[in-house]
């Protein structure tokens, strides 16, 4: 860096928290709200899908075959993994802004199409549902690297961690909204179309109108995405991409003058100076020895911790209903009709989200720039390990009548420390420690590793629970959390440092970092 771009970027680094910061959080955050709603709402309706399409005989309510259940839960993660890699790379090639609208529109169309899944028989309905959820996941995947990178590049260095974490924290509200929507829709349909329980009348316990319930729940996720689409298109390209990657420092200064509501001026001759200072050493690509030496271990650290976290996190999230049923917190399926079961599952998951998931995210937002990313991630993995062991070792105790509340409390604490811990920090750190021209790509690679872990959780948990039981599965998850604790030691602390300090771009261009825009020689005056 040098000359003019330093002035523009330094202005962002030292800017006071302004209205545009909150606008960016909402615009990027609503994407994440939609992401989490769409990814997790499927777990609320899988039992209903089983009753509607796979009820055979009168012995017990229908349930999805293991392979179909794993496919429906996991196919969106396959799409997300592909989307994170593709859109992460595209965000560095075409720019963050140009790609940002594409991902949101893909999510909107796929959300609606998921609810319109069609077919004459169960296989056709499940196949079309899986097809549309793959493309939904593809769009969601792109939102990860782009939202994190945009927020990191807009934020000041003092509160950057909190801003990126706040975008990610909208995931908690998305999970909560999924539960609330499912409660409202199931309660409304339950009141309009009363039905006997399965054990009273197996045939009438699933009313024909139940087929609308899961479709409405899935399609609702498109609404917040549509609302924010216009504002995404209005956001200017980030100054760091424009200056450091596109090398158009004049445009970067003009864009940020509007955003910061100040006039940023820099001498035109410094553009040439910036180009002259760019040596080959600062232009290394992803697959080079230079990148491996500078950032190789960092990428291993961000990718491995996200991978390990998501095995545990998505196992817990997607299969809450199975865990609650196993310990008896949700009544036996026979004692409910189809719509009642959706209501009970949604109520349980909403309670967990309200009491532990959402607060965990906002603890991270409040403390990440005080405690640091590294400390929060270590602490989170440690306590997740401890609470998983506390659930697994005396597992028989928790299944006894009257002890379920204790199980739910400990289970909630694992969610709390996942979100006040690695679930937030694994999203924040990759957006801060890599060079601007590779930032979106490296975040996409790290996030894709996470989705690979989510796929292991989605596909593996179901089979593990059936093969070795819930207790042993929880023991395996605690071991995975401990590995996450170990791999956290590969990650550097980025608290209070500029993106260029963390990526080495400031050092590579022999340009000192300044604390104030005046020291950097930046002419800033209020715009008229």
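Keep in mind that glycine also has a Cβ here, set from the backbone N, Cα and C atoms.
Feature annotation from TrEMBL assigns transmembrane segment to 20-46, 66-87, 99-118, 163-192, 212-231, 350-368, 374-393, 405-424, 444-462, 474-492. The domain 'Major facilitator superfamily (MFS) profile' annotation in TrEMBL covers 24-496. Marked as region 'Disordered' by TrEMBL: 500-528. What TrEMBL records for 506-515 is compositional bias 'Polar residues'.
Summarising model confidence by region, the domain 'Major facilitator superfamily (MFS) profile' (24-496) averages a pLDDT of 88.
Between the transmembrane segment (405-424) and the transmembrane segment (20-46) there are fewer than 3 Cβ pairs closer than 8 Å, counting only residues 6 or more apart in sequence, so the two stretches are not in contact.
Beyond its flanks by at least six residues, the transmembrane segment (474-492) meets 297-298, 300-302, 304-305, 308-309, 311-312, 315-316, 373-374, 377-378, 381-382, 384-385, 388-389, 391-393, 395, 422, 429, 433, 464, 502 of its own chain at Cβ-Cβ distances under 8 Å. Using the rule of three or more Cβ pairs under 8 Å, pairs at least 6 apart in sequence, the transmembrane segment (350-368) is in contact with the transmembrane segment (163-192).
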